[in-house]
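Notes follow once the structure below has been shown.
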Amino acid sequence: MSRMAEQQLYIHGGYTSATSGRTFETINPANGNVLATVQAAGREDVDRAVKSAQQGQKIWAAMTAMERSRILRRAVDILRERNDELAKLETLDTGKAYSETSTVDIVTGADVLEYYAGLIPALEGSQIPLRETLFVYTRREPLGVVAGIGAWNYPIQIALWKSAPALAAGNAMIFKPSEVTPLTALKLAEIYSEAGLPDGVFNVLPGVGAETGQYLTEHPGIAKVSFTGGVASGKKVMANSAASSLKEVTMELGGKSPLIVFDDADLDLAADIAMMANFFSSGQVCTNGTRVFVPAKCKAAFEQKILARVERIRAGDVFDPQTNFGPLVSFPHRDNVLRYIAKGKEEGARVLCGGDVLKGDGFDNGAWVAPTVFTDCRDEMTIVREEIFGPVMSLLTYESEDEVIRRANDTDYGLAAGIVTADLNRAHRVIHQLEAGICWINTWGESPAEMPVGGYKHSGIGRENGVMTLQSYTQVKSIQVEMAKFQSIF
């Protein structure tokens, strides 16, 4: 693909040049080619976007629920009509295989938007009778202008996960995509405008997180920030949001999730789940089950089943429909993953497979890392304690149920957890003791629109998807009504 035209900001229903004068480049990580130069939003651009959003939000909130629902449903239709085009752009920008982006990223994002479009008419308050002449009723009102700050691994899906409930509740959103993968969020803005969203209700500000993101989190005109990213960045976002104007926050942060295989499990099923929990999207999924616990007596058999499945991984041309494994999102990220792999070797973990970059035709110019499995891992190892966010699985053994529950919970993270077992009683008994916000039994990874997702501990605050997320983009107003004559004591 030839280099794209310079990408601008999207404010008030159209493209506009950044006033900052700064730009950055986004690359195709499969081959290192520059895709586009992108303008970076500065402080004045954030001010412009907030003013635009404030204007648009008043128009949007004044529409009826059915009017808002119809506009969002039109956006869903356009997303599905343009699925292949958007998936190709997502593949170029992220490096993910087209077989994945064309069937998951846009598809699931559109599903979430459709879900919230259907919920809009059901967003209602309540009536509370107090006595014969006195009652209270409540209204759920939009917050106003909210900000979404996205991560680089699921660019358009995250933009939809954040914008869908925010817009459904009558808010306007200013979205800052990751500077690593900024392209499809701009296309989403076009689609919202085409669907009939009032100007300013969805603005997109590409830029560097340390600058543009900080301007958004500190801006007094922003009522809430929804952030997806790492724990360290999340803490800064939360601190800035609180210090500036006590903004509400939703945080979807990192994970180091346990996948527990019990001795009664079908090991073929367990191996299939472990593969999806570690190598889907080349391991760049926040919920990945990178700590795989297996009974000591099953270790050798499980290792062989994993190795057999690693042989089925097909890395290569990301637009080949048979390819199911792409490069990492960037060269700096690749280098960071390689540092973790080196640390694992240094600390005594045994490399079962992988452990280096992929080499050969088609790989040498890209950010490729081989699918890597470490065995003989210990809980104190760096690769077991810290989030790697790459195709690196750590195998650990255990002897008892109580032991594995304790070790699974021995982490600052609490995003996800899963177990594989044939015993239904054990399944629920163990899941109820795991300290994680998203749990799977005999499966892994699916996050439908109806399912609230989010973390315990350092893995986040609040939830995305589900009914409760729609409510989190509203504020409750209580109105007390007295129908009898008011009695004053004065």
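Numbering starts at 1 and runs along the chain as displayed.
Heads up, the Cβ atoms here are built off N, Cα and C, so glycines get one too.
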Candidate from Asp84, Asp93, Asp111 that Swiss-Prot assigns to the same K(+) 1 site as Thr26, Ile27, Val180: Asp93
Per Swiss-Prot, Gly150, Ala151, Trp152, Lys176, Pro177, Ser178, Glu179, Gly230, Val231, Ala232, Ser233, Cys286, Glu387 bind NAD(+); matching candidate in Gly196, Gly200, Gly254: Gly254
Candidates Thr26, Ile27, Glu252, Cys286, namely the recorded positions, that fall within 10 Å of Trp152 (NAD(+) binding site) by Cα distance: none
Length of the line joining the Cα atoms of Glu252 (active site, proton acceptor) and Glu464 (active site, charge relay system), in Å: 8
Whole-number Å value for how far Asp93 (K(+) 1 binding site) lies from Pro177 (NAD(+) binding site) (Cα to Cα): 12
Between Lys162 (active site, charge relay system) and Glu464 (active site, charge relay system), the C-alpha gap once rounded to whole angstrom: 8
Neighbours of Thr26 (K(+) 1 binding site) among the recorded positions Gly150, Glu179, Val231, Ser233, Cys286, Glu464 (Cα to Cα, within 10 Å): Glu179
Distance from Glu179 (NAD(+) binding site) back to Glu464 (active site, charge relay system), taken between C-alpha atoms, in Å: 22
